[in-house]
Each structure stands twice: as C-alpha cells, then as structure tokens.
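Student: According to TrEMBL, the protein carries these features:
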type     : residues : note
TRANSMEM : 47-67    : transmembrane segment
TRANSMEM : 88-108   : transmembrane segment
TRANSMEM : 128-145  : transmembrane segment
TRANSMEM : 157-179  : transmembrane segment
TRANSMEM : 191-213  : transmembrane segment
Amino acid sequence: MALIPSQVLRAAILLSYFSILCHYKALDMPAHQTYGGSWKFLTFIDLVIQAVFFGLCVLIDVSSLLTKGADSREQERQLKKLIGLRDWMMAVLAFPVGAFVVFTFWMLYLYDRELVYPKLLDNFIPQWLNHGMHTTVLPFIIIEMRTTHHSYPRRSCGLAAVCCFGVGYILWTCWVHQVTGVWVYPVLERIAPLARVAFFSAMTAVICVMYVLGEILNSYIWDQTPTVKVKGE
C-alpha cells in the first residue's frame, strides 16, 4: 500500500467510477427509459455516492497541497469542514451502502440470480461492468479506510442517518411501483405483501449492521476502541 501514494489511489478510483458510470449510462436498456430511469436502482445510487465521495477525497487532497505552508485560518477552517463532510460520508453512506450493495447482490445472485439480476441482463451488461458495479466497490472503500483515518459520528446519530437513507429508498421503491405497477427488483414481485414488509425491515437492519461493521473495522485498522456515546456524556 505504501508503494502507491494514497492521493494517486484515490484519483485512480475516482476515474474508474467515472468510467463505470459513463459506460452504465450508455447502455441501451429498456429499464433506463421507464419512470425513474437509472435512479430506481440502488446500485446506480451507490455508484453516484462512491463517485461523489472519492471526488470529495481528491478535492481535499488538492486543497491540502495548495494550502500547504499557507498561514490562513480561514483556509484551514474550510479544509476541516471538507474533512468533516468526507468522514460523515464515509461513515453514513460510502461504506454501509457500498457494503450493503455488494453483500445483498451476491447473496441473492448465488441463491437465485433471477431474483435480482436476470440472465437477460447479460445481453446488455458486460461482466467487467457488473463487477465494477457490484464487486470492486467494497475493496475500493476498504482501501480508502486503510489509507486514511476517518472520524465516525456518535453511533446513535450515524445509525439514525443510515436508517433515514434506507427508509427513503424503500419509500422511493414503493412510489415507483405505485406509478408503474412494477417492482424495481424481481424478488419483490415474487413475495406476498406481508413478506415484503419483513424483507424491507430485514434489509434496513442489514444496512445498520454494515454501519456498525464499518465503525468497528475503522477502529480496528487505526487501533482505537469503539465507544458508544450516551446522552449526557
């Protein structure tokens, strides 16, 4: 890891996400032409999150180089704000959403790919792009976690933010179904309404688990003891 500067790694990862997004948007898929377009899919939303996150990381790297040696409290204050935003994005969005996408996609794919990624999609999406969307996301974010220490928010606040994201996406999925009459993912078509509620609840619990795992992994890498802050501390 030390052989390649972290700034170069982040820039390379950012460029790879730009490439994946450009190739994905260029696909001539019927689903892209329907209500919600690509934004119906959590995979695409996650790609945008990762691209924005690594774009912010690169911006911080460039800003740090430009302000290095400068004696400006205002510049330092602005840089600290960017770093705080970067750490929040890592904790609440980049790691839990990225890990959730990789985990749930391959779990369902190995069980029955027709539930999440019908074989028909092989005619539109090449294998390298599929892995770019559903595999490399996790190692990329772990590389970032390994090269840079990130400060996590209070666990209760972090979990609340992750739950808001998860519930927001579930409501968006239900709205798309309300408008089009079609569920975004085939697995939702095959289960009863009560089972969908259980499925959505389980998925929300999983993304919360991913948040906690990210916090523990970050603490382990940087040799810190994870603590749960309670009200009044």
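Note that Cβ sites are derived from N, Cα and C of the backbone, with glycine treated the same way.
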Student: Going along the chain, which residues at least six beyond the ends of the transmembrane segment (191-213) come within the CB cut-off of under 8 Å?
Tutor: 91-92, 95-97, 99-100, 103-104, 155, 158-159, 162-163, 165-167, 170
Student: Excluding the flanking five residues on each side, which residues at least 6 beyond the ends of the transmembrane segment (88-108) place their CB within less than 8 Å of a CB in that stretch?
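Tutor: For the transmembrane segment (88-108), the list is 42-43, 45-46, 49-50, 52-53, 56, 115-117, 134-135, 137-138, 140-141, 144-145, 150, 152-153, 158, 161-162, 165, 187, 203, 206-208, 210-211, 213-215, 218.
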Student: Mind checking which residues reach the transmembrane segment (157-179)? Cβ under 8 Å, same chain, six or more beyond either end.
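Tutor: Here the qualifying positions are 35-36, 40, 42, 45, 91-93, 96-97, 188, 200, 203-204, 207-208, 210-212, 215.
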